[in-house]
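According to Swiss-Prot, the Ca(2+) 1 binding site annotation covers ASP28, ASP30, ASP34, GLU39, on the basis of sequence analysis. Annotated Ca(2+) 2 binding site per Swiss-Prot: ASP64, ASP66, SER68, THR70, GLU75, in sequence order, evidence recorded as sequence analysis. For ASP104, ASN106, ASP108, GLU115, the entry in Swiss-Prot reads Ca(2+) 3 binding site. Here Swiss-Prot flags ASP140, ASN142, ASP144, LYS146, GLU151 as Ca(2+) 4 binding site. Annotation source Swiss-Prot lists domain 'EF-hand 1' at 15-50. Summarising the annotation, Swiss-Prot assigns domain 'EF-hand 2' to 51-86 and lists sequence analysis as the type of evidence. Swiss-Prot lists 91-126 with the feature domain 'EF-hand 3', giving sequence analysis as the kind of evidence. Here Swiss-Prot flags 127-160 as domain 'EF-hand 4', drawing on sequence analysis.
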Amino acid sequence: PTDAQTDARSFLSEEMIAEFKAAFDMFDTDGGGDISTKELGTVMRMLGQNPTREELDAIIEEVDEDGSGTIDFEEFLVMMVRQLKEDQAGKSEEELAEFFRVFDKNGDGFIDREEFGEILRSSGEPVSEEEIDELMADGDKNNDGKIDFDEWLKMMENIQ
């Protein structure tokens, strides 16, 4: 297996792999161990994904490395894991945007030092003014004295 295939298997639980295999096998009508790219969309929808036509074409182009017009189970796993990770990344970014808006009290699109201090104090941990300044300086990449949304995302990525 390729590195991507090994990574895909380690990302998924045994139950998920079994569930994906069951869906995959339903469409592998001749038992040859692969499905046609046409059937891919149907399988993905069964597993709760909802790819657009364009997304499907892009996925197929990426996954069908040998250009055979079919996808084997290992290629399929790699693709499903990519989709799941993209879904998760999209969700967490939305949640972070929501969080950002809550702390951007005056709605100016920035979190200033005062708002930033409130965030840190709201965690319940005691925080000194120096620590607030230090963290603020770390996050404020363009040194304008405030944290914009991109800087906020970067800070949150480093925490996770």
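Cβ coordinates come from backbone N, Cα and C, glycine included.
Within the same chain, the residues at least 6 positions away from GLU115 (Ca(2+) 3 binding site) whose Cβ sits under 8 Å from its Cβ are PHE103, ASP104, LYS105, ASN106, listed in sequence order. Of the chain residues outside the Ca(2+) 4 site list ASP140, ASN142, ASP144, LYS146, GLU151, PHE110, GLY139, LYS141, ASN143, GLY145, ILE147, ASP148 have their Cβ within 8 Å of the site's Cβ mean position. Using DSSP to sort the residues of the domain 'EF-hand 3' (91-126) gives these counts of helix, strand and coil: 23 helix, 2 strand, 11 coil.
In this model, the domain 'EF-hand 2' (51-86) carries an average pLDDT of 82. The highest number of surrounding Cβ atoms within 10 Å, among the binding-site residues ASP28, ASP34, GLU75, ASP108, ASP144, is found at GLU75. In the set GLU75, ASP140, ASN142, none of the binding-site residues has a C-alpha within 10 Å of the C-alpha of GLU39 (Ca(2+) 1 binding site). Taking only the Cα positions, the spacing between ASP66 (Ca(2+) 2 binding site) and ASP34 (Ca(2+) 1 binding site) is 13 angstrom.
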